[in-house]
Amino acid sequence: MDWSNVTAEDLVEALREVDWSSPPRPFSEFFSRFTVPRSVSKWNSRVKCNLYYYRTNYFIMIVFILGMGFLRRPLAIVAALMTALSIAFLNDSFAATFSEKVTRTVRQFSPHLAAKMRPPLTPVIRGRPSARRAIYICGRPRWVFVLVFSTVSFILWFVSCAALTVLWAFAIGLLATLAHASFRVPNLKARLNTFREEFRSVWRNYSEL
């Protein structure tokens, strides 16, 4: 994949649709080889490639840095987790997996309640869905969970008085992510991974015709 032709909107859309349940890359690979990019275009392509390939590692690193900043504020840790969940719900794969696991757990205690948590069926016309499939979490639209978790996290941030702390910790996490993505040389696995995702994207568009 030619990452120089990938826009920021395309990268955000890919990160929203991609599966985030994959385990993080090993530390030996994550901290393997670093060089200074030769040009701005090389740096641009390298950052986009690494952000996509090491997405789980970057997410864990930012959460770890936030956790270190909130050791003396337990309520802020809960607020950070609520914020992370509200952001994670924006990813299609995470939302579907979370809904499936919660529904499966509820089914063990109340099958009747679990039946109500199923998403509504999408009408099919001529073998194809009549509209783009909406994402539901436990039988409710995704925006409901995003709104509830975001509101609760905002209240917890306000009560814990840790807004300045989270801004500093989040800024450090973003700077660390940007520094790693800028100097980490994409390896063969990263390139093969991007080729595989590009094939999936093309095949998805072909299947929708």
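Placement of Cβ uses the backbone N, Cα and C atoms for every residue, glycine included.
Note that TrEMBL annotation is computational and uncurated.
Look at TrEMBL and you will find 52-71 (among others) tagged as transmembrane segment.
Taken from TrEMBL, the feature transmembrane segment applies to 77-98 (among others).
TrEMBL lists 142-159 (among others) with the feature transmembrane segment. If one looks beyond the transmembrane segment (142-159) by at least 6 residues along the same chain, the residues whose Cβ comes under 8 Å of a Cβ in the stretch are 75-76, 78-80, 82-83, 85-86, 89-90, 95, 134-136, 166.
The transmembrane segment feature in TrEMBL is assigned to 165-183 (among others). Tertiary neighbourhood of the transmembrane segment (165-183): same-chain residues 30, 34-37, 43, 46-47, 50-51, 54, 58, 61-62, 65-66, 68-70, 73, 76, 79-80, 157, selected by CB-CB distance under 8 Å and a gap of 6+ residues from either end.
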